[in-house]
Amino acid sequence: MATIKEIQQRLELVTDLADPFLAEAANDQRSGVQKAIEKRKRAIQAELDEDLRLEQMLRYEKELYKADYQAIAGIDEVGRGPLAGPVVAAAVILPPECKIKGLNDSKKIPKKKHQEIYQAVLDKALAVGVGLMNNEIIDQVNIYEATKLAMKEALSKLSLKPDYLLIDAMKLDVDIPQESIIKGDANSLSIAAASIVAKVTRDKLMADYDKKFPGYDFAKNAGYGTRSHLQGLERSGVTPIHRKTFEPIKSMYE
């Protein structure tokens, strides 16, 4: 009779719930074997669920490939709401049928997974572009217009010219066919890829600013108006990266 460890090792090779070995192993009544079977079944089901989720997130891209578009760029931004720092946009062109496990709206990805998924996007993407508009531009033109400028800059930095754009809840005045998708980062894999690139890029910038302007907790709050950030403003005042048209900073200048 095989040991429990040997059966566990064999189960690790099973990738299909219909694999005959699962039924065969189920005849072994040892609790260690039964637990190992259930664990492996859960893992296989999780893989199937993840593949289905990713397949759903490719539905926009697949329709466009059918319409003979070849280079589809997903575009998203991070940083519209913070009191400090830039708004960062990214544009990403993924190859057809590209599925990156765990890729989702960056707000739904655990922080400990950000770097890993960001790197997977960089490794698999056909092209990646990043655009940034600092707080001074945000104050000059407003955050909505600055976001569009950042997206257009990200688009201009792609090494491959896209023939279609999928954009998260935004329209751009560029001469490329496009679709604006509400909650696009949760519904399109290309937009989700842009979301994580923009998120990791901006978080790194804010961590660097935290060293330059200590006392505001930028590395943790990314410039959002958390208690520690507001306490820093009360204690030390406004830094050169704060948005002067955003409250409560605006009132400090009146």
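Every residue, even glycine, has its Cβ placed from backbone N, Cα and C.
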If I go by Swiss-Prot, which of Asp16, Asp139, Asp163, Asp168 binds divalent metal cation at the same site as Asp76, Glu77?
Asp168
Among the binding-site residues Asp76, Glu77, Asp168, which residue has the largest number of other Cβ atoms within 10 Å of its own Cβ?
Asp76
Beyond the listed site residues Asp76, Glu77, Asp168, identify every same-chain residue whose Cβ lies within 8 Å of the center of their Cβ atoms for the divalent metal cation site.
Ile75, Val78, Ala89, Ala90, Met151, Ile167, Ala169, Met170, Gly184, Asp185, Ile191, Ala194, Ser195, Ala198
The domain 'RNase H type-2' (70-254): mean pLDDT?
97
